[in-house]
Ligand SMILES: Nc1nc2c(ncn2[C@@H]2O[C@H](COP(=O)(O)OP(=O)(O)OP(=O)(O)O)[C@@H](O)[C@H]2O)c(=O)[nH]1
Ligand SMILES: [Mg+2]
């Protein structure tokens, strides 16, 4: 009986302490120039003490305490990019302008490609028969042929790995991609339609990626321009000189149709894209991370449509293609 | 009656189980948690911090903690070890080949943690719906699970997107834990 009272007392004291710490953290986070890393550390300590207290804390108190800590954690996560506040109205206004121009040409886009598809036979390199790999190439145009949608595969889409390319234009528009890994790409332009899962970018530099996906995780990369439609917050880790903008919907009408958005279970409404709420895991301090910016609306439009034009280009001359690639990269993605 | 006995009794009465979900970034931890809890999984962002859910499961109250796996925040994992009854290690079965080495190293280093010593270990070989996914047998080999002598473990192939086998895995871990802490008292 006496022990029971002790437990109750201990629980009450614990909750009071935790409440006090949470209030202090909220206050700290509210201040300009708050040291967010210090808050994260204190939050972790509080969390640890809560974990230890679960032995004697009644379930209700556990939940209440966890909820308090979760609120702080959410504030930490959301407050960082919050200073760049945009309304849906301004997004809509932007996205409606690019819609004006007519498509590049009336010819079906599929027939405009440069002839030689450079995708290496998957069996030669892929550790898994069904994953697709495109790798080790330079100075070329790469467009894997469409995957026939067999009845067996119609509901799923494969994962694709693109690695070790220098100065290449890569069009994945004809593929149904489940998850996309981009690794060691240098001065490349890559365009892809809606992806149901994640895009993981690792060690890339000076590239333009036109991406539509559920999640985007960029590591250890520098000098990327990314016109983007995304269902969650893009995150970056150990990166610099990244630029984000709107996905060029109008130019991609054929490859980013409502059906393809639906197949990837991504909300096609441009206002639903979270491409402006980038989270930098290496910048927990308050204030804009110095490692990324949003492109101006002129830039995002030009970058997206020009990359798209390049990826579906009818230019047969390799040299001309490489020249356009260099120009695009120099203009939008050099750090 | 000592305090410890009382505490043990209290815990027994509520039949609480604490489960910690860890794994590399992008493995699908948050998607699994939300899927089990019947929430929307279409707009999940990578986790900076943690999520916690309490659910009633076969007469037990599960406290499930899901912690972010991005490299820069893995050092915070250890703050969540205390009192863990079950560790759920989630693997992206269709991951890039070079990430499996990382995955194996992180898992084996967790298993040397004293504070996780008593925990049952469930490995979810997630994303089995992707055609490029490795089977749970292949994952077991890549992670060298056979070498694990310190923990009860089980590997289950699953998909957070289709929901396949999530409950099979949870059943195993809850049963294994409950045998240990509630029935064999
Ligand atoms: N195809 C498929 N995709 C999945 C599955 N589970 C998760 N995903 C996708 O994998 C990506 C990562 O999922 P999350 O749940 O955010 O991963 P996480 O392990 O919580 O990642 P961190 O929070 O960074 O540690 C998302 O794009 C999900 O849509 C699955 O079973 N199948
Ligand atoms: Mg997560």
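Along the chain as shown, the residues are counted starting at 1.
Cβ coordinates are placed from backbone N, Cα and C, and glycine is handled just like the others.
From a predicted model like this one, the values you see are computed outputs, not experimental measurements.
In TrEMBL, the GTP site is described by B:23, B:24, B:25, B:26, B:27, B:28, B:29, B:30, B:126, B:127, B:128, B:129, and among B:68, B:69, B:163 the residue recorded at this site is B:69. Taking each of the binding-site residues B:30, B:47 in turn and counting other Cβ atoms within 10 Å of its Cβ gives the largest count for B:30. The CA atom of residue B:29 (GTP binding site) is located 9 Å away from the CA atom of residue B:47 (Mg(2+) binding site). A sphere of 10 angstroms centred on the C-beta of residue B:69 (GTP binding site) encloses 22 other C-beta atoms. Residues B:29, B:30, B:47, taken from the binding-site residues B:25, B:29, B:30, B:47, B:127, B:129, are distinguished by a CB atom under 6 angstroms from ligand 2. Taking residue B:47 (Mg(2+) binding site) as the reference point, none of the binding-site residues B:27, B:127, B:129 has a C-alpha atom within 10 Å of its C-alpha. Using a 10 Å radius centred on the Cβ of residue B:23 (GTP binding site) and all shown protein chains, the other Cβ atoms total 24. In sequence order, B:25, B:129 are the binding-site residues among B:25, B:29, B:129 whose C-beta falls under 8 Å from a C-beta of chain A.
Annotation note: residue B:29 (GTP binding site) sits in a helical segment as assigned by DSSP.
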